[in-house]
Amino acid sequence: MSQTSETVLEIDLAALEHNYNYMRSKIGASTKMLGVVKAFAYGSDSVKIATRLEKLGVNYFAVAYTKEGITLRKGGITKPILVLHPQSSNFEEVIAYNLMPNIYSKYTLNTFITTAEKLHQKNYPIHLKINTGLNRLGFSIEEIDWIVNKLTTTQSTKVEGIFSHLGASEDTAEKDFTLLQIKNYQKALDKILPQLAYKPICHLCNTSGIINYPEAHYDMVRTGIGLYGYGNSAKEDKNLIPVGTLKTLISQIHHIKKGESVGYNRGFIASKNTKTATLPLGHADGINRIYGKQKTSVLINGKLAPIIGNVCMDMLMINVTNVDCNEGDEVILFGKEKSAEEFANNAGTISYELITSISQRVKRNIIN
Ligand SMILES: *Cc1c(COP(=O)(O)O)cnc(C)c1O
């Protein structure tokens, strides 16, 4: 049995490499790959993950916010970095750190051009985002003529990329919607590309788009969750290896009698004599209260044990009546041996939310 001395999120870079190669195998040799490393690389470690991906030959990175891009630059990352959701107040820093902003509205294009001109930029690369149905960020197709016209008024910026984002690429029941998004994206490209003197990088697909819509890969794809080992389907999960494994250990075991309760607000009442174990992690570590009250389980010595009662800030309790275990034994919440997708699904959420929620209090342990 392996030993753990505290709560750790083990990050396996060999698993990352496997997933990178798998996602690569899904795209054409000339298709570029962008690695999405926002939110601490989906709750892991953005600089460590990006450094390995850069070595593996990834072409591009994306983060959500400007400061995440700055962290990568300070960590030595040299490949292009797209900032998916910069604020106009960040544009000077975007330029100072050689990041590429997502420009998604008239306001962001106007302000970016003003900033780029003020800083005497020439052909500073930007990515234009088109709204094809997600209705989150993006220009409408009707605004394209305005964009092209605006761009002719300045030498300060150049369109390095044109992209959009699929809203339901993992959902086979929403195939018609996705096909409509692809059609809208193509319509936008047909309108804008002939008006530019150069060819920008066109990119649309996220992980499930890569897998389910090979006809829509365009020049580049953006993969996030796939790199971290989850494929949004049982079939694809088999081809991928979870990068993060959240481990802890048993702090204390209690033998409680029928009728006794466990935890705050007596969230668990024993219907019979029960053996419980207390673990040193809680909602401040990212294991939220939604996982309490037997919604989901952890793994000890190969056996599942449900989380009981209310999850506390720094601790949670599990029912180990049927598990042969002792104080100090290792406990796995999710990872290679037990999928984060399953852990999350049991409580009504998804792997994305679970893995990005593991707080910075949890030590990251990088292996391989
Ligand atoms: C987060 C994000 C991605 C990555 O999506 P996955 O499903 O994790 O592959 C791609 N593109 C955009 C615009 C995103 O916000």
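Backbone N, Cα and C define each Cβ position, glycine as well.
Some features that TrEMBL has for this protein:
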ACT_SITE  LYS38  active site, proton acceptor
MOD_RES   LYS38  N6-(pyridoxal phosphate)lysine
BINDING   ARG136, MET313  substrate binding site
DOMAIN    243-367  domain 'Alanine racemase C-terminal'
ACT_SITE  TYR264  active site, proton acceptor
Secondary structure content of the domain 'Alanine racemase C-terminal' (243-367), with strand meaning DSSP E or B: 22 helix, 45 strand, 58 coil
Residue, out of the recorded positions LYS38, ARG136, whose Cβ gathers the largest set of other Cβ atoms within 10 Å: LYS38
Candidate nearest LYS38 (active site, proton acceptor) in space, where candidates are the recorded positions ARG136, TYR264, MET313 and distance is Cα-Cα: ARG136
CB contacts for TYR264 (active site, proton acceptor) [other CB atoms within 10 A, all chains]: 13
Local Cβ density at MET313 (substrate binding site) - other Cβ atoms counted within 10 Å: 12
ARG136 (substrate binding site) and TYR264 (active site, proton acceptor), distance between Cα atoms, whole Å: 39
